[in-house]
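Read the structure below first, then the notes.
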């Protein structure tokens, strides 16, 4: 720690490292808290890996809907791996230091995979719209080439949106006495508030990224489901209506599991500064940890083809 009397002699300061925390106020039982966190990460990685294997090894799942599901599973694995090393290091070994540059790298990938997940969910809603509104042209509209272009577009969008963020942080002068983060990972709103400089540009650009990605995506998803609902209500048979809506249930649940925590995190970081630190921490863990865990569960329960393919992969592994 640099003495307070020397602050005035520092024209520009970037901390060599930040100090992360686990669950505020519960440091004494971090060992016990690590058990559910370890279980959560294991379920997330195993479940999403199983989905990828099931889609790859089952020829009947080589369809646009399941290709997009594979993108979602891959994104969830990336989101899990972005936070798992530092979170478990804090909870298991009380290893709380993370270097400044490593922090920026983790922060980039954490938000990168969040933007990718939002985009994939939008692509999946487009898939459902085409499948229900124009089923005869479904295969001709969503060809393999189109799906590859959508995937490349998603990656390019996330990269271009988030590429400036680390550089906007590196230009800031940080406070030598404000190096303690509020989480066991590097979160953009948390890191930028450790600065002693004007962060207006960082706040505005962060808001732009949220609005131009998750904000627009959520509106387009709502719009696509409005069109889907209009199409379904136009079907003559109630049985056909229920059958069409059932194909959307898994995706609707995945959208809710992702966007509700996103809204919660955004609201708390902007309007909930008076709340106890543990509330900020728990909401952030829900935002980053729950979707990768629940998405494989949702799709294995609600989608019979996925469930059967996953069971087939497991039986085959057991036989080997």
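Glycine is no exception: its Cβ is also placed from the backbone N, Cα and C atoms.
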As TrEMBL has it, transmembrane segment corresponds, among 105-126, 171-192, to residues 105-126
Which listed stretch (39-55, 105-126, 214-236) has the most C-beta pairs under 8 A with the transmembrane segment (278-301)? 39-55
Report, as numbers and ranges, which residues of the same chain sit near the transmembrane segment (105-126): CB under 8 Å and 6 or more residues beyond its ends. 65, 68-69, 71-72, 75-76, 78-79, 82-83, 86, 98, 150, 153-155, 157-159, 161-162, 165-166, 169, 185-188, 191, 209, 213-214, 217-218, 220-221, 224-225, 251, 254-255, 258-259, 262, 288, 291
The recorded stretch from 12-33, 67-93, 214-236, 248-272 sharing the largest number of CB pairs under 8 A with the transmembrane segment (39-55) is 67-93
